[in-house]
Amino acid sequence: MPELPEVETSRRGISPYLVDHTILYAEVRNTRLRWPVSGEILSLSDEPVLSVRRRAKYLLIELTRGWIIVHLGMSGSLRVLPEYSEPEKHDHVDLVMDSGKVLRYTDPRRFGAWLWTDNPETCSVLAHLGPEPLEAEFSADYLYQASRGKKTAIKQWIMDNKVVVGVGNIYASESLFAAGIHPDRAAGSLNENDAAVLVSVIKQVLQLSIEQGGTTLRDFLQSDGKPGYFAQELRVYGRNGEPCRTCGTPIETAKHGQRSTFFCRRCQK
């Protein structure tokens, strides 16, 4: 599933081709995504694009009369192509631009979404999200105070979008390893130093992944069709049974909330 770095990589890739350009029309070949494609998108015509933003794992395309909200789901990707590029089986949505380019949405599993809102601040899918991990609001003091009394395993807790957005499965495993924190520890067991270290490494891991263009494990491609390269930096994720790159102990795996967690028993306490 594309996580925050992959969505931010997509945002940076598509923005130059959308902002200060006009959407001539949308071509929707399949409206049956996770939710039906909003009618306002189906009827787009000569809509200037003012900005492309990201909130959590949602892309927000600002138009003069409203906002398109895009979620990539489990297998979605966005590419910028010449206007008359022949669509393939899983190419469901095109935004045809006045520049002769098309923004094409591909989603084999169709768990993504193309929604419309007049105001992102009141949109139901955005209203209850926690702070952005790369912003100042996500601080050591915030994480420490929020974790008080929490018995949930720290891995599962930091993946809760009400706590902090965008720390998905890959980056939760990698951040906890970098912080030396065992994923089974109760969130409430963190002391102030633990919280400071964890906040710092979450920011570092996410920023490094963005700089590397995200992580390509299966479906994710950047807007130019190239893979993300952060997979080469992974220390624990997907390495079950392989030696820890720090101490040599075999990497182990466990389940947290139906998701696989990877960790080093020796390095993480």
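Backbone N, Cα and C atoms are what each Cβ position is placed from, and that goes for glycine too.
Among the features that Swiss-Prot reports, active site, schiff-base intermediate with DNA is placed at Pro2, with the record citing sequence analysis. Summarising the environment of Pro2 (active site, schiff-base intermediate with DNA), the number of other Cβ atoms within 10 Å of its Cβ, over all protein chains shown, is 27.
All protein chains included, Glu3 (active site, proton donor) registers 23 other Cβ atoms within 10 Å of its own Cβ. Feature annotation from Swiss-Prot assigns active site, proton donor to Glu3 (among others); the stated evidence is sequence analysis.
Taken from Swiss-Prot, the feature active site, proton donor covers Lys57 (among others). Around the Cβ of Lys57 (active site, proton donor), 21 further Cβ atoms fall within 10 Å across all displayed protein chains.
Annotated active site, proton donor per Swiss-Prot: Arg259 (among others), in sequence order, evidence recorded as sequence analysis. Sequence-distant contacts of Arg259 (active site, proton donor), defined as residues of its own chain at least six apart whose C-beta falls under 8 angstroms from its C-beta, comprise Met159, Asn169.
If you look up Swiss-Prot, you'll see His90, Arg109, Lys150 marked as DNA binding site, on the strength of sequence analysis. Shown in sequence order, Trp157, Ala186, Ala187, Gly188 are the residues of the chain, 6+ apart in sequence, with a C-beta less than 8 angstroms from the C-beta of Lys150 (DNA binding site). Following the DSSP three-state reduction, the secondary structure of Lys150 (DNA binding site) is coil.
Each residue in the zinc finger (235-269) has a pLDDT score, and their mean in this model is 95. Per Swiss-Prot, zinc finger is recorded for 235-269.
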Near Pro2 (active site, schiff-base intermediate with DNA), which recorded positions out of Lys57, His90, Arg109 have their CA within 10 Å? Lys57
A 10 Å Cα radius around Glu3 (active site, proton donor) captures, of the recorded positions Lys57, His90, Arg109, exactly Lys57
Sequence-remote contacts (6 or more beyond its ends) of the zinc finger (235-269), Cβ cut-off under 8 Å? 153, 155-156, 159, 169-170, 172-174, 176-178, 180-184, 217
Taking all protein chains shown into account, the Cβ-based neighbour count within 10 Å for His90 (DNA binding site) is 17
Secondary structure of the zinc finger (235-269) by DSSP, residue by residue, totals 0 helix, 12 strand, 23 coil
Rounded to a whole number, what is the top Cα to Cα distance in Å among the residues the record ties to DNA, namely His90, Arg109, Lys150? 42
